[in-house]
Ligand code: SF4
């Protein structure tokens, strides 16, 4: 019996079309609409320490961060914003709580976007018209950033019964204030530490409005737990086409947040895949120390960013098949490794030469890719 499996996709498949959203300008980039999903992070330096903050922004930029946020809890921090906004290579978002005057300072400083929190924004509510006017005059966008930990007290009773609903209600209340004065250049986030509540909130928010959505699992925890929580929640939403920018929150250096965010998008074909290791989990058939081999290859190739898939397989059962499908691979056995390049066996080397051979071949393939130009960039 023959089964019609349909036409294979001609470019990397995505699990769902992006939900149509408004496109807003964030400095030199965009969020929403057809703009690629942006990866964000936040500096951990004192913003008032301009050099340290710019240094960390440079590290984040090098890691692939698209947009960076800085905290502005004091006048000294507000005073540092003009220099930081001017010298940063990526758009800078000022994170403001409580103090309306810092919102105006951030807009005038040239920040690309200002994040305001409706939970502690009550002092802002009568200033929305002024904020909207200043933001429009300077081409600054806003993020309405609702966070479960600082939810508007008026919504606490609702939160007890329906936490996701209360987060969404808080965001929509604040959005309505901006809409009333004719301002629509904002993104929204409704963050919660529980991925299930967070996913529920973003799903409902995406039904209720077409503003671009900034995804985040707040206070997600240390690197291991935070990565899993973020990948689970973002994966569920992005697989439904929901989400226009992401921020992974980890109790870890912010560069790690960027790496995780990029890998989540790459895994869903929402960004072109870069360097990737396909390695087997090992089993009783393994004829080589797969963990060590995979770690050594990963370490040896950590500087490579070209879109190369390297397969590291422990035996000849699945090894040759996986190694053939990768750009580069090794299938190990009997103290040797068969090295594959684009499906062809190019060498069989002793086990202690596998890593150096793979590194040499990966560098050669990366150089070829660089010479022949960038691969197709997928814009979902
Ligand atoms: S490739 Fe071989 S060693 Fe690795 S998991 Fe599969 S069967 Fe086991």
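Placement of Cβ uses the backbone N, Cα and C atoms for every residue, glycine included.
Annotated features, as they stand in TrEMBL:
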type    : residues           : note
DOMAIN  : 21-261             : domain 'IspG TIM-barrel'
DOMAIN  : 276-362            : domain 'IspG C-terminal'
BINDING : 280, 283, 315, 322 : [4Fe-4S] cluster binding site
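Per-class residue totals from DSSP over the domain 'IspG C-terminal' (276-362), listed helix then strand then coil: 30 helix, 28 strand, 29 coil.
Close contacts with ligand 1, defined as a Cβ under 6 Å from any of its atoms, occur at 280, 283 among the binding-site residues 280, 283, 322. A simple way to gauge crowding: the CB of residue 280 ([4Fe-4S] cluster binding site) has 20 other CB atoms within 10 angstroms, across all the protein chains here. Sequence-distant neighbours of residue 322 ([4Fe-4S] cluster binding site) (same chain, 6+ apart, CB under 8 A from its CB) are 278, 280, 311, 313, 329, 331. Counting only same-chain residues six or more apart in sequence, the Cβ atoms lying under 8 angstroms from the Cβ of residue 315 ([4Fe-4S] cluster binding site) belong to 285, 286, 287, 288, 331, 332, 333. The Cβ of residue 283 ([4Fe-4S] cluster binding site) lies under 8 Å from the Cβ of 314, each of these being in the same chain and 6 or more residues away along the sequence.
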